[in-house]
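Worksheet: one structure, shown below.
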Amino acid sequence: MTTQSEYDYIIIGAGSAGNTLAARLTEDAGVTVLLLEAGGPDYRLDFRTQMPAALAFPLQGRRYNWAYETEPEPHMNNRRMECGRGKGLGGSSLINGMCYIRGNAMDYDGWAKEPGLEDWSYLDCLPYFRKAETRDIGPNDYHGGEGPVSVTTPKAGNNPLFHAMVEAGVQAGFPRTDDLNGYQQEGFGPMDRTVTPNGRRASTARGYLDEAKKRSTLTIVTHALTDRILFEGKRAVGVAYLVGDSDTRIQARARKEVLLCGGAIASPQILQRSGVGPAEVLNKLDIPVVHDLPGVGQNLQDHLEMYLQYACTQPVSLYPSLKWWNQPAIGAEWMFLGTGIGASNQFEAGGFIRSSEAFEWPNIQYHFLPVAINYNGTKGVQEHGFQAHVGSMRSPSRGRVQVKSKDPREYPSILFNYMASEQDWQEFRDGIRLTREIMQQPALDPYRGREISPGIDVQSDEALDQFVREHAETAYHPSCSCKMGTDEMAVVDGQGRVHGLQSLRVVDASIMPIITTGNLNAPTIMIAEKIADKIRGRQPLPRSTADYFVAGDKPARGKPLREISHQA
């Protein structure tokens, strides 16, 4: 298999965090790294993962998607809901929507109030966001110019619906912001995307591994499914894994550390299979307990969202691009020029608002899309249309991940427990009603047709709740299932080191104590950049001195240009 079976570090999972660690650790001369990935390579000629506008395709099938399903969700009509996770070099950055959103400064300041997490404040994290990024319009106090992640900003001349939707949000009384990752996240504005200057998906495989794999000290094994982490006493000493369809377990040893970067579903699963987790779960499955750690797989969080869809009265939406006869020309322009519809994820505008003054920072996120279709490419509305994705950001609901057997090929039991709190329902009711007010503003008068979904007959609390139960979907942001902290349910410390064990860290979205306000790819890369310096024994980057917006006692909303009354 591999000639050498001992390495300084073994990284499990070549996703957004794992690839970042692999690249940074091998910058140090002589440091050897084994990077294990259960999926395959990120084939550069496969338009499904490389063309931004094709983002729905890799979610279909199982080549690039683990395609997990939840247990029946009790507050969602007992639906088994999708839980897509990336499989292949790049992990979920190979199949995500490419929205580059870092979260709100207050998310990180909130983490830093927890004992042991004092150095996770926004100004401590900002230098690592900048380190990871190359933004196409150049660096500033908030953005980087030399990092491995290519970030593309929306350009003049893009779809007029993006501008109309942002204007409508401002006319509805909400703030405007020119950069959702800059001084002020709160408000409506253009949304950056992780796309290269020539219109390709900027996954972490492209950004970090393309450089790192030139180094002889990095060994990458694809189709390598981790069975378990190997321990001697309380010290992690290696990994046992399977390659392809083989049942032969290959062992590799780590001289320094094992770094678990499987993401919020796989990391707790691998820990539990390795004997690290709630003892009662492990005992039931006859898994020998290495360390009883009750928080492994608990505290699971996600973002739930739904779409409001409208007909478009002018032929400016992307509806024609869904027709097969128009797609060859779109594909050719993208392939040869790196431009056109294919070069964008089409989420070029969005926003963050507070649905009430009860929230210190935004609790609702919008993505605007100039076509009416399901995120996974199904159920396209057969006419010109547009939609707003709306969802709550910091639900109090908590779920869990549990292994069902010792077999590494068996999927775990996943329950998010979506919409378990009254706050969830109130936020979604408010979110839908506020979206309708935004959509009725003058900026959308030239374009707005009838409301396709939910439909104008869906007005009462009960009707809205029923719509959410039946139609809300995951935003694909699972996180927090191996949280950082010092309390009895924390799994790792502020450097990702697993409590009670030696030489083992978890570095991915699972270690977030509380989910961030927005998409999770950029924060996951930042977390890995920050912990990479800890592993390497380097001084942390100097704290930023940039200003950032805190709402304080500012109202969540001003007077709308056009007042809209809600039917009860």
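From the backbone N, Cα and C atoms, a Cβ is placed for every residue, glycine too.
Residues or ranges marked as FAD binding site by Swiss-Prot on the basis of sequence analysis: 8-37. Following the DSSP three-state reduction, the secondary structure of Asp8 (FAD binding site) is strand. In sequence order, Leu25, Val31, Thr32, Val33, Ala254, Arg255, Lys256, Glu257 make up the list of same-chain residues 6 or more apart from Asp8 (FAD binding site) whose Cβ falls under 8 Å from its Cβ.
For His477 (active site, proton acceptor), other Cβ atoms within 10 Å of its Cβ number 24. Look at His477 (active site, proton acceptor): DSSP puts it in coil. Under the heading active site, proton acceptor, Swiss-Prot lists His477, citing sequence analysis as support.
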If you skip the near sequence neighbours and keep only those at least six away, which residues in the chain come within under 8 angstroms of Ser16 (FAD binding site), Cβ to Cβ?
Gly90, Gly91, Ser92, Ser93, Thr204, Asp508, Ala509, Asn521, Thr524, Ile525, Ala528
Given the binding-site residues Ile12, Thr20, Asp28, Thr32, Leu36, which one is most crowded in terms of C-beta atoms within 10 angstroms?
Thr20
If you draw a 10 Å sphere on the Cβ of Arg24 (FAD binding site), how many other Cβ atoms land inside?
23
Can you check what DSSP calls Thr32 (FAD binding site), collapsed to helix, strand or coil?
coil
Local backbone state of Ser16 (FAD binding site), from DSSP in three classes:
helix
Please report how many Å separate the Cα atom of Asp28 (FAD binding site) from that of His477 (active site, proton acceptor), as a whole number.
32
